[in-house]
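Asks: Take this structure first; my questions come after.
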Amino acid sequence: MDANTVLLVFIAVGLDGLAGLAGGVLSEPWLQRRLPALVAFAAGTLLSTVFLEVLPEAVEARGEAAFAWAFASFVALALMEWALGHHHHDAEVAAGHAHGHAHPGAPTLPSALLASDALHNVGDGAAVAAAFLVSPQAGFATAFAVIVHELPQEVGDYALLRAAGWSRARSLVALAAVQLTAAVGAAGVLLGTRYLPSLQGTVLAIAGGSFLYIGAVDLLPELRRGPDSRQRVVGFLCGLLLIGGLHFAEAFAGGHG
Ligand SMILES: [Zn+2]
């Protein structure tokens, strides 16, 4: 691990922290028009990152055990959402809040919302660090997929905090701070792999399973929901093309993968 890798990891985590401000910065009319496309784009980047970068690297590092870890994290997320009754990345909820309606299934306790976000972000940060340790290409794809899928989520969370009576400033500071818990996950992986080299492959496998869940279960069904299906499909394909293009350009140029 060199200083450049560490720097890239923390730049990515810092950008992910800025995503926490999305709800307060993006204009509401723009969001209402573009949120479906953004969600579909996030699904496309997550799924192509899983299958082209994260899982292949995890299998290279951990062998077949990577699939068991990925499967375990997929099932754990499903059970967790079922137990909490909370779709972390539910874009319909996000859109609903951006439009200003409450969603009956969503938790209204800001502290519960922020705590579950923090937990999720530690995982995102760990995934970004593990991917950068493998290769810059895997790192960029993963960081991009993380930031893009956080945007709709942060928009929804911001609206929810505002609806709970929080001021604009307090909501934004809280969301950015919670977003930066990703640094804890990233630092944990960077330090932990020094003592436990297999950690990197395991973290990638777990990230693969959870990205697959978020992309396929939380985000992808949005493609078939509501009007404006064309912008959703275009958004999804743009996500696939971007990560896929990066992957195949690298392979063509003689890089690995
Ligand atoms: Zn996330």
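Glycine too: its Cβ is placed from the backbone N, Cα and C atoms.
Residues or ranges marked as transmembrane segment in TrEMBL: 37-55, 67-84, 126-148, 169-191, 203-221, 233-253.
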Asks: Please give the sequence-distant neighbours of the transmembrane segment (203-221): residues at least 6 beyond its ends with Cβ less than 8 Å from one of its Cβ atoms.
Replies: 39-40, 42-43, 46-47, 49-50, 54-55, 57-59, 61-62, 65-74, 77-78, 87-91, 123, 126-127, 129-131, 134, 142, 145, 149, 189, 236
Asks: Going along the chain, which residues at least six beyond the ends of the transmembrane segment (126-148) come within the CB cut-off of under 8 Å?
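Replies: That would be 1, 5, 8-9, 12-13, 15-16, 19, 38, 41-42, 45-46, 48-49, 52-54, 57, 61, 182, 185-190, 193, 199-201, 203-204, 206-207, 210-211, 239, 242-243, 246-247, 250, 255-257.
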